[in-house]
Amino acid sequence: MAAAWRDVVRDAAAVREAAAVAVDAALLAGGLMRTGEQPHASDVVNYAPFTLLPSAVPRALFEQAYAVQQDFNLLVDAISQNKEFLEQTLASTIKVDDFTAQLFRIYMQVLEEGLAQTVFLGINRSDYMFDCGLDGTAALRQIEINTIAASFGGLTSRTADVHGLVLKVLGKTEEASHLLPNNPAKGLALGIAKAWELYGSQRAVVMFLVEEIQRNIFDQRCVENELWNRNIHVIRKRFRDVFEQGSLDASRRLYMDGQEVAVVYYREGYVPQTYDQQNWEARLLLERSRAVKCPDIATQLAGTKKVQQELSRPGTLEKLLPGRPEAIARMRATFAGLYSLDEGEEGDRIAATAIADPDRFVLKPQREGGGNNLYGEELRQVLEKIKDSPERTSYILMDKIKPQPALNYLLRAHSPLQVSECISELGIFGVYVRQGQELVLNQAAGHLLRTKAIEHADGGVAAGVAVLDTPYLV
């Protein structure tokens, strides 16, 4: 916890009063989620979970994360255009991971047919933790880049005002004035709007591809409303709607119910459970179309853990981004140790090291969405089981980051008010638009701070583990 808050957490009455104000402020500001009991109903909602107090973030590391985001945008875009790199990097993974293999099959099929899409839109979120060294200094360490359905750009824009009010209620008016404004939804909508404009049809719509169960609908509505405010028509469809209603004309324009679709913005499609045969066919239809996909399938593949691990190898960044030594240095400064479990001597050695000392590492499968990573004894048991099997190549190994815990209160509906030891994860949203070979937009679009109690090793807000937070720069 920021040193400035140490006095207030000792005052139980003040904390109770501030928590009551905070919950009402979050509801008033629209920091909302549908409930687990009624996930289809917007007339029964509660506040999205959040911290009572903003969490301390080192200013230098926060600025470093922002400064490197345009570099990561460039890198993701470069990877998505490099067929040879994706083929070589994912060769071992697609042999053992059916989900990645099916994405890759669609990628190859679309390339062979020839891309109809000429405008490319990337919305990603690069996530970091603050690794505390033996001497107590913190370093920025990248956890992953989410290249599909990076969420909470809408709801996080509501939390800074809530935290500002809480600090005022606690007599911290000066500190409240230092909280940064933050509205990623506006930046994400700017990217979508630019892609829609470059697609070149005023009548065409933007389609949000959404889940069957949409508990996090208000986060999406924040982006959606920004588009409506620009007079851009938005429709919301599921994969099964695409299967039933979607079609391509002779120019491979995508139509849904007779409406031409300019941009497909995926808020779904990143986990295997999403796909049955029909949904895979719907995904292929979308990928074959001229519509701007966010992301297109190449960009989704660029966000896989295996690609992340390959990027950490000496010389890889130089091949992908020739002539950009400063950008490469900025990115490399954020990398944690990443290790391949491919078959062979190197993979054997890494697996043995992790089995002998599992607390040094995190075992990561090729999955998005939180709650998939393995730690400690569970990591050791899984690696013991698969160490002599090709299945191990569907994972990568990463150094475990050791952040400095701080005290805070995690406010969740129907949960007791109690102080917890917490750690935080900082995400920076990035947006870029490319038309042909020309990059017409490349920027950082805002930030997301998520905080969780230290007893939870893995999981984000949607997974019910982390809560929304606001950085207090120190």
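Just so it is clear, glycine is given a Cβ too, placed from its N, Cα and C backbone atoms.
Just so you know, TrEMBL annotations are computer predictions that nobody has curated.
Residues or ranges marked as substrate binding site in TrEMBL: Arg125, 148-151, 214-216, Gln220, 267-270, Arg450, 461-462.
Asn146 (Mg(2+) binding site) is surrounded by 22 other CB atoms, counting those within 10 A of its CB over all protein chains shown. The Mg(2+) binding site annotation in TrEMBL covers Glu144, Asn146, Glu368.
Annotation comment: TrEMBL describes Glu144, Lys305, 364-373, Tyr375, 398-401, Glu425, Lys452, Asp458 as ATP binding site.
TrEMBL lists 204-302 with the feature domain 'Glutathione synthase substrate-binding'.
Considering other CB atoms within 10 Å as the measure, the emptiest surroundings among the binding-site residues Tyr270, Tyr375 are those of Tyr375. Across the range of the domain 'Glutathione synthase substrate-binding' (204-302), the DSSP-based residue counts are 40 helix, 26 strand, 33 coil. The candidate set comprises the binding-site residues Ser151, Pro365. Of these, Ser151 has the most other Cβ atoms within 10 Å. For Tyr270 (substrate binding site), the nearest of the binding-site residues Glu144, Asn146, Pro365, Lys400, Lys452 in terms of C-alpha separation is Asn146. If you compare Cα positions, Ala149 (substrate binding site) sits closest to Glu368 out of the binding-site residues Pro365, Glu368, Lys400, Lys452. For Glu268 (substrate binding site), the nearest of the binding-site residues by C-alpha distance turns out to be Lys452; the candidates were Tyr375, Lys400, Lys452.
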